[in-house]
């Protein structure tokens, strides 16, 4: 049974733009979202998507223009600063640039929230020592931020955010300034925070691999709206929106990069297609179930008489379950390949890069603009074309003719 700890109900946040002819900019546009207690919840989007504004609504650093925000069972939308204080004390926050006091030691930085809340000195000392040990910085207690690495600074930031025993931890691009190895270490620490203390974590990020590593659920934002949300594995395995598919492309190791696709087109004359492989059934965002995929590729190849070559691939793990991407070259009469791909696409996410003669633009292919059903309905000549491109390729070629 779900236990909501944060709820957005038709939330809108607007800002007045500066300069002549000032207009109203809508940073958050009719967002309804529930985050359950104990979750690690990822909110992902490109710059300007509205994700940072959304997280600032959680601790009322911004107030909604309309709609309601409920945190820890309390509607905070119009609370006074005095009434907000006890709620904010239960919310910790870590930042991309760490926000440490350069003139305070590690221990003093961690103790700062306790000093603001007027805790006794003996409790402050005990709590700081506990947190130093938890984040692995006991030997650095008397160092200053300038003497620390980026990863160590973020560990101090996490310890400081935990000082007052919060129930919610907001992480706004907390790993964006870190190298991949340090990012993995910091994410592992955040996972420990969640597992050992039961703290709900809200991850704001533009990096899908961050969500992949530790989040349980995810919401994808674009232009102020939540365009897709759900279980992380389900979103990875069956992304529905173009922006989500672009994010997935950055995180799946088995998906070929654009330059690799170009090389494959130079080396192979047939249809270059990447198939997303799912290990288990998932719930589609349209309310229907999508079966595990990849098991029937060989059967369909035989059914349609399509020739295939396996060119590239890889397997990742999301929430302990495998998901992968395998790239093939498919050859055969155009309508055979089209019908084969349409049936395959019924339960698999198919990324069609077209042929060397008629390639599909990489961004269009990854965003999933191709629709095989629409292709057949709108292009009656496709069945007679020896190597018919996907619908997105036909549309792309037509648009540039």
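Glycine residues also receive a Cβ, built from the backbone N, Cα and C atoms like all the rest.
Counting Cβ atoms from all protein chains shown, residue 49 (ATP binding site) has 24 others lying within 10 Å of its own Cβ. Annotated ATP binding site per Swiss-Prot: 45, 46, 47, 48, 49, 50, 51, 52, in sequence order.
For 6-248, the entry in Swiss-Prot reads domain 'ABC transporter', with the evidence type sequence analysis.
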Averaging the pLDDT values of the domain 'ABC transporter' (6-248) gives 93
For ATP, what surrounds 45, 46, 47, 48, 49, 50, 51, 52 with a Cβ no more than 8 Å from their Cβ centroid?
-> 206, 221, 222
Between the binding-site residues 45, 48, 50, where is the Cβ count within 10 Å the lowest?
-> 48
Based on DSSP, name the secondary structure state of residue 46 (ATP binding site): helix, strand or coil.
-> coil
